[in-house]
Amino acid sequence: MVFKVFSFVAFMACSTVKVGSIVWVQDPEEAWIDGEVVEVNGEDIKVQCTSGKTVVAKGSNTYPKDMEVPPSGVDDMTTLAYLHEPGVLQNLKSRYYIDEIYTYTGNILIAVNPFKQLPNLYNDHMMAQYKGAALGELSPHPFAVADAAYRQMINEGISQSILVSGESGAGKTETAKMLMKYLAKMGGRAVSDRRTVEDQVLESNPVLEAFGNAKTVKNNNSSRFGKFVEIQFDQRGRISGAAIRTYLLERSRVCQVSDPERNYHCFYMLCAAPPEDKRKLKLNDPTEFRYLNQSHCIKLDGVDDSKEYTKTREAMGIVGINLEEQEAIFRVVAAILHLGNIEFAIGEEPDSSVPTDESKKYLKIAAELFMCDEQALEDSLCKRIMVTPEETISRCLDPNSAALSRDALAKFVYSRLFDWIVNKINNSIGQDPDSKDMIGVLDIYGFESFKTNSFEQFCINLTNEKLQQHFTQHVLKMEQEEYTKEEIEWSQITFPDNRYVLELIEKKRGGIIALLDEACMFPRSTHKTFSQKLYETLKDNKYFSKPKLSRTDFTICHYAGDVTYQTEQFLEKNKDYVVAEHQALLGASRCTFIAGLFPPLVEDANKQSKFSSIASQFKQQLASLIEGLNTTEPHYIRCVKPNNLLKPSIFENQNSLQQLRCGGVMETIRVCRAGYPTRKHFDEFLDRFGILDSATLDKSSDEKAACKKLLETVGLNGFQIGKTKVFLKAGQMAELDDRRTEVLGRAACIIQWKFRSYLTRQSFIMLRNAAINIQAVYRGQVARYRFENLRREAAALKIQRALRIHLDRKRSYIEAVVTVQSGLRGMAARVVLRRKTKATTVIQSHCRRLRAELHYKKLKKAAITTQSAWRARLARKELRKLKTDARDTVVLQAAKSMLAEKVEELTWRLDLEKRMRVDMEVSKAQENAKLQLALEEIQLQFEETKVSLLKEVEAAKKTAAIVPVVKEVPVVDTVLMEKLTSENEKLKSLVTSLELKIDETEKKFEETKKISEERLKKALDAENKIDNLKTAMHNLEEKLKEVKLENNFLKESVLTTPVKTASGRFLSTPLKNLQNGLFTSEESQLSGAEFTTPPRIQESGSDTKSRGSHIDPQHEDVDALINSVTKNVGFSQGKPVAAFTIYKCLLHWKSFEAERTNVFDRLVQMIGSAIKDEDNDANLAYWLSNTSTLLFMLQQSLKSGGTGATPLRQSPSLVRWMTKGFRSPAAEAIRPVDAKDPALHFKQQLEAYVEKILGIIWDNLKKELNTVLALCIQAPKTFKGNALISITTANYWQDIIEGLDALLSTLKESFVPPVLIQKIFSQAFSLINVQVCNSLVTRPDNCSFINGEYLKSGLEKLEKWCCETKEEYAGSSWDELKHTRQAVGFLLIHKKYNISYDEIANDLCPNLQIQQHFKLCTLYKDEIYNTKSVSQDVIASMTGVMTDSSDFLLKEDSSNIISLSIDDLCSSMQDKDFAQVKPAEELLENPSFIFLH
């Protein structure tokens, strides 16, 4: 039936179908498949499908496929060029596979259940995005529908309603939760009540789900009742009240459960309750109860019933159900479970029944839980009392009737319990009688059609028929409103009205409900007689029919299809009678809660005969619901279940298409098609079809006139031109596309012709250039050959000339050789003389080396001796120090004496070793002196011999010069040579003897050295022992001081006047006070031949006391300081004066070393008062500079000394003595101080204030950026004659730059440390990065080429600002924009279709997540060049890599706290020199602050 709706559209499209067209054809499995037309034979069309098979279809059953639809589909299906059934189905399917589960059809939202968690779609950030956004501005979402309803209610003062429908498992309940969550967020109260209305509304969902939801075949959490939540708002738009209306609870499920379904959740939760609750209610495993074990499904995967029980109890407390009422509710639930285990057997009489022996315990437990009489409960189940005018008759029931009575009691009790819970929630939340505006959320069951359809399906489908009638009327109204808004001419649209089906069901006389009520009033009526009555009465109604193979079923032709109902249970389920015995039994219960569930009937005996049925009550409720909806402005959400497997990423075409038909979506499309189904904005229309008449576009600058002229030029009739859109009849879009295809085809032919001509000409030019090049190469080769011959002739002449020259030179060389030989013979004689002279030089070098070695060994020995003497001196000094420090020790005198004896013994041993070592050194010195004398004598003889030899050599030289040289026969003075030779031999023997003596001396020296090293080692061991004794002595002194301090404390507590001992003060005096007695100059340390122990200056008790005490400042001084620094005292040498002044005063007053002082508290209060004005950035920057500088000085000077801590006594080193007294002025300005707890606490408070001021400044900048960022994200658009979009340069990015410059100038004027400025700007750029990047992956309009160019220009301005600001203040701010820079870079790439996934993930956008890649690729669009996004293979690769996590948004730091590292602060201020900083001038005039001068 629905296929015929589009037949006329398909017929019009068929006339334009040609070979090569891409069309949709019907398929029995996939519903619709696409393919290419390969043959057209009249009405028959042969299509080659993409699946591989060939199909022959009628033209009336084919639809054109829009090839320009993006791979990710469109947000609003009314913008599809071809609005037909396969196009709608394909759009939903393509969006579903990329997790875009929401799609608009006009103002109707279609939600496809993803069957997986998508938490990123419903967080607070998404709520903030949709707040105040127009419908359609952002991606489709339930938040957008809720926001539109809320805004319309506030602006127009009209109540709204949101209707959520769909079949079981489609996600209606979750969607309704999201709607109420958003409305509660929008209408939440500012004050924090104990239980706000919005909290109670939200927490009512888990309570109602526990008692009204169950697992069905299609859904694990199916609502078995309808729910309409009315949320009331006051005049300010805040929630002021709420009410919950429920419809048609499925009572039969309490007693009958099909496999693999479950009963209501509350039963299983109670069986999983804590042991004490189960023991109290006598519950065991759920498989032991008949009402639960009818199905094998007891537990749900991923659901912990024990945790759900706890959550339900908490939710019940929030909605106003106290603990006592909760206990009573679950007592009733447990009683129903025990009641179901009661079984009956035949009693003493044939038609009587009694409980079986096994069931009596359950009867007893049920009576205890109901708090009624056990026998009365048994009689109410097994007997009936009939009252006649004459007498009262008691009639027994057979076992079957007793079982039915038991089930009726269970259903009756559960129904009353559910109604009580709903009323309790309503009473607890409360309704606002003064409220005029409300938003209703209807969570209602969708159209149902199963193999077996009973009374519940009949009522559900009746509800959907009524809602469909309301829905169709509203859709038609919206369609006509748009026509009126666009001011086009239109005629009345005819649409199918299902009022005839409603009359069939609801007609007062002869309707199905009327006939059903009539049958229920007669006791002897059965479902067969009821069915026969239906056949006789409604046989002529075309919407009613009787199945051929059934005698009791009937079929109704609903708007969504034919449904066959089985009448077997209709009569029983329609009866709403109350058994008097049950009413009396439970009304008399001793439990006030249970008795309250069954109040006595107020009707008299005459009114009891009036019949009331479930169908009639439901009909009245439904009429009341529709009447309430008619007074509101409706909004529709249609939920679709994509598959029956309840698994993600599976989209079943047939199943989804049937739900779209049942949900009225296809009917909406048919109503739209009855008028003008295709509507395009002027710019979109001109972008697509402007090529049909480009001349008209060039002449016209008016979009409307251009569209009209274009349509008239192509000869299209029946169109309408509105104010902003072009309206086309069905089939006209296909005709325009055919014209456009023809124009593109002709243009392609021209382009090919031009291109082929270009290729041919290029080939000719290439051949001509090649011929010219070949000729040139040949001519060059001939010329080179000729040149080579000429070069060879010239070379031959040169060779001949060179040969003649060579022969002449050879002759001259022979003559020169003879001359050289004569000179060489003379040279040989001179070489012999030089060799002897060299030997003499070697001997001299050996002697000099020997002297140097002896000198080195002498120095080494002296150094060892000096070191030994120095270590002994230090040991003796430490011994004297220990003796002096232990002089006043009385209690530990014995220990000291024993230690002193050990020290003396070790000292004696050390002195003995030293004396032995000195004796050895003396003997070695004497022996070395003898050897030295011998060596000097030998050297003296050697010198004399050398002098004589030199004289003889000189004489020989003179003689040689006088006597002429005989050629080739040298004359040698043999006598002189023999003399020299003998002298040389003597010298050699002398040197040999000296070397032997030196070797012996070295051996003795090595033995002496070993002995000395052993003795030195023993001396070091002795020193270690002395150090250990010194440490032990120090520990004893510490214990002694603790004892003395305790004694002093006890004396002070007893005596009125405190007594302070000088010794205690002396012992607690820091060691640094004694350093003044050490060396003060380098001369005093190095004077004299020996090192002497420095004198020790003992201080008197009064001096020590004055140095260690804290100078308490007068209150007037503190007030003067605070009054002075509270004002802006400015800066000196680029440093804050206030911070330096405070530090100097605290240092002088010794407040850092005080155990108790209130100065720090006064300063903290002063800083807190100074920064109260959070909007004044200049004041905040001034105090940020002061607090950070003061924190730096405290960090540099304060040391955690603790209370009563004693510095570790160390042996003073030579370096410390030498450097004592030499300090720079900067070191005097900031010097180390042993801080106490108040000072350390003040330092922590100061650090907190620095972070607080940083946070306030960042918060001010954040507010300023947020106001401008929303305008910077999307490029403004304008239209020009050629329908291209151009960018108008806006100043929004410049506003950001100016704001950053202003803040930077303020911070620099206050000399704020650069590291703090870097942190502020890093946070600012991080905010820009998060906002812009998130907008690109959430808003389709922003993810475009034109917007990428706009954002690129803004990023260039920010980069220029960072470069001008320099790294000192900007830091790594530019790196914070890495996500945005990569995303914008991707948008500006032209050939995205050729990019692979690896290039995107590794090269283009390495810092973006896979979900963000996916969003950018699917949302991208190009309005200028119409370039495509990435290929489907890349999309498929991303889909395969993506995990279940859908978190594609960057996280924004919502806190305003900027963490501070003191180390970073100190490193940035290491070059601070405070020596030249001037204190506050106002204090310089005060005599109390004379120390500041």
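Every residue gets a Cβ built from N, Cα and C, even glycine.
Source: prediction; values computed, not measured.
Within the set 423-447, 598-622, 973-997, the record from Swiss-Prot flags 598-622 under the feature region 'Actin-binding'.
Between the domain 'Myosin motor' (72-741) and the listed ranges 767-796, 813-842, 859-888, 1161-1444, the one holding the most Cβ pairs under 8 Å is 1161-1444. A Cβ distance under 8 Å defines the sequence-distant neighbours of the domain 'IQ 1' (744-773), meaning residues of its chain 6+ beyond its ends; these are 691. In sequence order, L300, V303, L646 constitute the residues six or more apart from N220 (ATP binding site) in its chain with CB-CB distances below 8 Å. Residue counts for the domain 'IQ 5' (836-865) under DSSP, helix first, then strand, then coil, are 30 helix, 0 strand, 0 coil. Neighbour count (other Cβ atoms within 10 Å of the Cβ, all protein chains): 27 for G166 (ATP binding site). Each of the binding-site residues G169, K172 was scored by other CB atoms within 10 A of its CB, and the lowest score goes to G169. If you take the C-beta of G226 (ATP binding site) and look for same-chain residues 6 or more apart in sequence within under 8 angstroms, you find T246, Y247, L248, L442, D443, I444, Y445, T463. Spatially close to S223 (ATP binding site) yet at least six residues away along the chain are K172, T173, E209, G212, N213, D443, Y445, judged by Cβ distances under 8 angstroms. Per-class residue totals from DSSP over the region 'Actin-binding' (504-538), listed helix then strand then coil: 25 helix, 0 strand, 10 coil.
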